[in-house]
Amino acid sequence: MTEPDNLHQRFDKVWRNLPGWGALAAVNHTSVGRRFMVTGGIFFLIGGLLAMLIRTQLALPDQDTLSPGLYSQMFTMHGTVMMFLFAIPILEGAAIYLIPKMIGARDLIFPRLSALGYYCYLFGGIIVLSSLLLGIAPDAGWFMYTPLSNAEFSPGPGSDFWLLGITFVEISAVSAGIELTVAILRSRTQGMTLSKMPIFCWYILVTALMIVFGFPPLILASILLELERAAGMPFFDVAAGGDPILWQHLFWLFGHPEVYIIFLPAAGMVSTILPVFTGRPLVGYRWIVMAVILTGFISFGLWAHHMFTVGIPQMAQAFFSMASMMVAIPTAIQIFAWLATIWTGRVVYSLPMLWIFGFLFIFVIGGLTGVMLAMVPFNWQVHDSHFVVAHLHYVLVGGMLFPLIGGLYYWLPHFSGRMPSERLGRWGFWLTFIGFNATFFLMHLTGLLGMPRRFYTYGEGAGWDWLNLLSSVGSFVIATGVAMIIIDVVLHFRFGRKAGSNPWNADTLEWATGTPPPMYNFASLPEIKSRHPLWNQPELLESIPAGEHGLTQIEHGRRETFGTDAITGKLKEVMLLPTNSWLPLITAAVLAVLCVSLLVRSYTVAMVAAAVAAVFLFRWSWENGGHPKAAPLGDKEPEEAPLQSRTTDGSGLWGMVITLLADGALYLALLFGWLYLWTVAPNWAVPDESPISLPMMALSGLLLTGATWWYSGAVKKLKAGNDSGLESRFWVATGTGAAHLALLAWITFASPLATTEYTHDAVLFVMLMFLIFHSSITVIATGLQALRVRFGYVSKKLPYEPVVLRPMWIFTLAIFWCSVASFLLLPIAWGPA
Amino acid sequence: MATMKKTLAAATVAASLMLLSGCSGPYSSLDPAGPAAGSVAALTWAMLIGALTIFIGLILLCWYAVRRNNEELSDAEAQRIQNRWILAGGIALPVVTITALLTFGIPIGHSLLPLPLQQGEGMRIDIKARQWFWEVSYPDTDIQAINEIHIPVDTPVDFHISSADVIHSFWSPRLGGKIDAIPGRTNVLRLEANQVGEYSGQCAEFCGGGHAVMGFTIIALSAEDFEAWLQQEGAETND
């Protein structure tokens, strides 16, 4: 047996999935990423099928193939499935699969979190789709405008399926966002400074951060609307002091960034593939990085362009109109950087390139109509018409699906070790491309001729007949194109010729894993010297599997990868990665039970499920640090760098901080809602006297302040190498925190909050529950830390975990006092509205 | 020769007629019948032509970039070329386009607002949207109607629009843009018809199962006919 084979055997033993059904316990990013992508592909076909039904209904005037009610379910589910169950998850899956390989890591750094994300996505998707089979699917449109989606106008469970199921699915998006951010920042291979990072990683980094900030407003909105439907808390009900427009603000506060969350990873694929097939590095690298970051920022400032017909103030319309047009600048920078790359290079015609040309063609049209739509007077005409339907499909199909299929063909040899068929692939492309333009190009005209979207039928005299017929024919051509692609992909697994390693002569590290990749990606972790490692260090293709680089010890049986500095890529620590685990599947299953029990309104079951899920989640964190199943003291320590649990600045701390950013965004969305209702809601009513006792809140806050101060002091001493009395310090913090929590809970449930009568009181209730939730987690986690000190899993040699928990204390403290100031004191200062 | 010319002329006329008729229709925003729709239609054409020009330019550029005979470039030269491209196409092009658009667009938007009239008097009609019909009432009279709105021609009419249940949107494309009907709020939309006639309208915001059949008709009458109609309706209501 040769040395590389021998090395492979030893690594494979540690990294492979469990056999048979045990594969369900897999946590490694290659398996999880593949599952995400295959599942996303299946949801895409289901979403496509719904689109065919919609087009069948609209092919001729006055048709009644579908009833109006069924038609409403179809288009609502088409949008929902394509956005939430296909576009976002499949791109997450691609990022989960590719990122560690591109940055030279063996796995993502929170593998169990990726697996949990996958199962939440799968179960959530199944729950949402089951409503379709039961004939009770959501039918208020994929943006669920209230009051149409509330309990009065949508009395069935359709809206609940949407609100609960999609929120469940979003757990996976947010967890992937957090994980990808930290992985990109902290686990790049040695020498990969931020400026040597593959461009795709920049795109994913920005996307991941956008998910972290963009999803919480929707999660909050969904929680509020579900509370309104299930518990009668009137957040969006004008009569009680709420406002339906608040839903639109929160929805689009998420919804617009989401468009870029979908577009950016796909654009990242374009920026990755284009240089490979022009043989010219992307010289506009810095420009593009800047453009991508700029897109991220601007995308949060233009949500109201979906609301120009709502009647928002003129100045605001002018601002959002300008901001919406501004986003054309970073997009144009990217397009011209790509064109310049083509200009200065030599194009190799291959399937992936064909899809990229298709992307350029379609996406440019979508971008131009986007600038048109940002023009307010024009928007007043075509908003909610088929012009918008055409525009959004040009942007999303052109900007996402085409690069995605280009990427599929590009990375297919990586997944399977085989090459796709050029001939079938070209048929697939041309059918899809022609079909797409036939369906959607003249749909712009359909809209200008006055056909609103979401019409289940139209009369003969309206002048839309031939346009709709053309669109319907086109949609069936797309379907044959997609069928061609599927056949090609399926056949290639059997008949494709062998790919070998690096078949396209690419520059990025994922092609150094061999095709298909081993579970551990790299037997040895290289130090890279440039942005194009495989172009400048081609010897890596041999030297990596031969074990000539770092971290080749495997006898200890631990999964490990390097942790490096966020900016310089200098080696900092050896990260210990968890192995196969059933916890993600079990936790997700319990969460699914929670979701279903909320759907059927069986709240006792829901409470039990929530408690069980919490137990599993805390159990999750137990095998860490010095636990015998992790890396106990006295084991052989790695040579290159200290093990992460022996340090105080590891990935856990980073993960905590990024999680708190998402959490903070959720809190800010709530604060925004409060201030919005206070200033804008037509019938906002404030009780004469605050229902919440201010002195009691102050007392509870002082206890929390004391606990946080005490805990921080203990962590400071620990970091200085002093762990005497650590356990008792933690118990004091736990006890003081528990006293604060008890008082807070008492205030919440003893206050005379009229949550079903006044929006004001309902918002206060949600704010208090938000505080209780955070205080509980912090207190329980601190108690667990005290126990872990007793068991010897945490000590001055293992100071990692208490450091991770400290930002949680500070966050809990910050939101508490911020709430006292803005929810209780500010109104007093302001006086009655 | 002469016949060929004739055929050609006939074909051209037929083609333009087809093109024009392609843009007409009872709901066509490209077949305006009032000042609001007229200025937006002009804006639409200007933007469509501009967008098409940029699009064709880009495609030709891309085509040429792919096709042209490529000399060997040093990295420094390539860098220079790319910087130039990005500055010209990525920054200058959108900045110029956006500035031009906003310079023309913001005044148009402003002119469509229901601001106080400089001369003459407008009229007011109240609209209450319901699942799935429109309640029309004329303030200071007892006249009520469903889905049928009579207005005088050449007079700015301010529609005060609200909703009794879910969100709807009031849209008569040949007269102007749309505005949402929202419970708890009243939005004002100013429309004016230049010609006597009937103008179709419909709900544009999805409002449930009857969304597609929530149409209305605006009937523009000459000033005299409108007065007569008001008298007659008023009398009927008082009976």
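In case you wondered, yes, glycine gets a Cβ from its N, Cα and C as well.
Unlike curated entries, TrEMBL annotations are predicted automatically.
Here is what TrEMBL records for this protein:
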type     : residues  : note
DOMAIN   : A:15-529  : domain 'Cytochrome oxidase subunit I profile'
TRANSMEM : A:36-55   : transmembrane segment
TRANSMEM : A:75-99   : transmembrane segment
TRANSMEM : A:197-225 : transmembrane segment
TRANSMEM : A:259-277 : transmembrane segment
TRANSMEM : A:392-412 : transmembrane segment
TRANSMEM : A:424-446 : transmembrane segment
TRANSMEM : A:466-491 : transmembrane segment
TRANSMEM : A:582-599 : transmembrane segment
TRANSMEM : A:605-622 : transmembrane segment
TRANSMEM : A:692-710 : transmembrane segment
TRANSMEM : A:762-787 : transmembrane segment
TRANSMEM : A:808-830 : transmembrane segment
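Counted over residue pairs separated by six or more positions, the transmembrane segment (A:36-55) shares at least 3 Cβ pairs under 8 angstroms with the transmembrane segment (A:466-491), which defines the two as touching. The average pLDDT computed for the domain 'Cytochrome oxidase subunit I profile' (A:15-529) is 95.
Between the transmembrane segment (A:605-622) and the listed ranges A:75-99, A:259-277, A:424-446, A:466-491, A:582-599, the one holding the most Cβ pairs under 8 Å is A:582-599. Looking at A:259-277, A:392-412, A:692-710, A:762-787, the range that has the most CB pairs within less than 8 A of the transmembrane segment (A:424-446) turns out to be A:392-412.
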